[in-house]
Amino acid sequence: MAKDTALHLPLGLESVGWVLGLLTTSILYLFLSPRSQIPRPPVVNKYWWDFFQIKAKRDFDARAEDLIKLGLSKARAKNTERRFGPRLVLSDKLADAVGMDNRFDQNKGIAPVNLVELRGFESMFSAALHDSVPRPATSATSKRLVHLTQPFSEETTDFLQREWTESPDWHEIVVYPVMSRLTAQVLSRAFVGPKLCRDARWLDIATTYVSHRMTAAVAVQKWGTVLQPIVHWFLPSCRRLRAHIQRARELIQPELDRIKENPLEDETFTSLAWIHGFAQGYIYDAGLAQLRLTAVANHTTSDMVTKILIRICENPELIQPLRDEAIEAVRGGRLRVAALQKMFLMESVMKESQRLEPFFLLSMFRYATETVILPGGTAIPQGTLLTVANPSRLDPAIYPDPEKFDGYRFVRMREDPENAHLAPFTKTNPTNLNFGHGKQACPGRFIAVNQIKIALCHILLKYDVELVEECPSQLIRSGLLTVRNPGAKIRVRRRQEEVSL
């Protein structure tokens, strides 16, 4: 039986998620056509006296996961629909059907709340290439990982030498901002090349653009739809966002001019050069294109590697086995894709952390371009905005003792013929929707797994690490977001690595 639910989604920074397009959320109702024969779904956190959804917003911020579970548990019949804000929430049992059906459009699923029609929010291509670039550009980057592995390793070395230092004495670092800067520098090597990836001005943009855009979006969405095209010109956060974008354009332009002057020059791949060739003369905004790629990749990957590193520090018995695995994989040569692919324990630790600490509680945001009848009889009316919950990630029938962190869980799963297909970090399936699923699954997941493995290899082989227990590092849940305490710290000190990276 299909299960789906509905919730009022609060409007606020704490409940804004960013998935493949800097997705912001709204509490606007989406009414079905009067001619629809499908009954309008009830709402889980709706109160008859709550005319302005104030109670609904507070409920959602405080216990979004519980409300999603409640709604899914109350789905009674195959045609039942429930909706939060403008989103219909489906169970992951329908992830295969939604993910493989072309009638569910991803771009239209996020466009209504992206504010792309407002100046400063249009972090997409313009004209004929609108919406068409991020996926192929990311896929093109993924296909060149064999050639990008060593550059990624070089940037990791450069960053750690500067930021973590070569000191053999223990010293503390605040995890998230440091890992965000590391991720920005490494990924920017693939996006904008070796010069800009170490430019402090570009790295400042890469690490702050998402938060600036989120803040501006929240400010705009406090106003009615009719007023938004006017008020955004005067809101300080929106003016700051536009200035931020202009600085990015100014930094990108000299590098783009160099590419135009030497189109046949044999050089390391960058998405900046690839997109210029892909455009084939069409007018586009190179700065916005890079911000789109950088923001999406940096924000989610930084969050992921922060959580993984803290998990490792919370389970120090994993450190030496992870080191041993890395030493064995790298022995006899530098870091290469083939070596990274042998690190099954590291991948298991990464996936287990991701399973327990998803950045976003919902996935697969879609728009129904026509009425669709899903398996089991669930009817999705044309024009419905929907998303998929992921209760299977905590299903004890799939993951024994599901609330417990088990770094070896997916190592054992690889050895089980029936479940081996669930083990790889980049494999999408209904039991783990962190990268989406189906035809429009995140193409950047292959880049993320390599970048994170490279970072962990350098960190674990070159440094001793331990958690600063006096500083809070617990998970913080707010709305749909699950993040580590931003003040979480670790202690590090330089050690002599057993093999050269």
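Including glycine, each Cβ sits where the backbone N, Cα and C put it.
Swiss-Prot lists 11-31 with the feature transmembrane segment.
The annotation N-linked glycosylation site is assigned in Swiss-Prot to Asn298. Secondary structure at Asn298 (N-linked glycosylation site), as computed by DSSP, is helix.
The feature heme binding site is assigned by Swiss-Prot to Cys442. Cys442 (heme binding site) falls within neither a helix nor a strand when secondary structure is assigned with DSSP, and so counts as coil.
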Cα-Cα, whole number of Å: Asn298 (N-linked glycosylation site) versus Cys442 (heme binding site)?
14
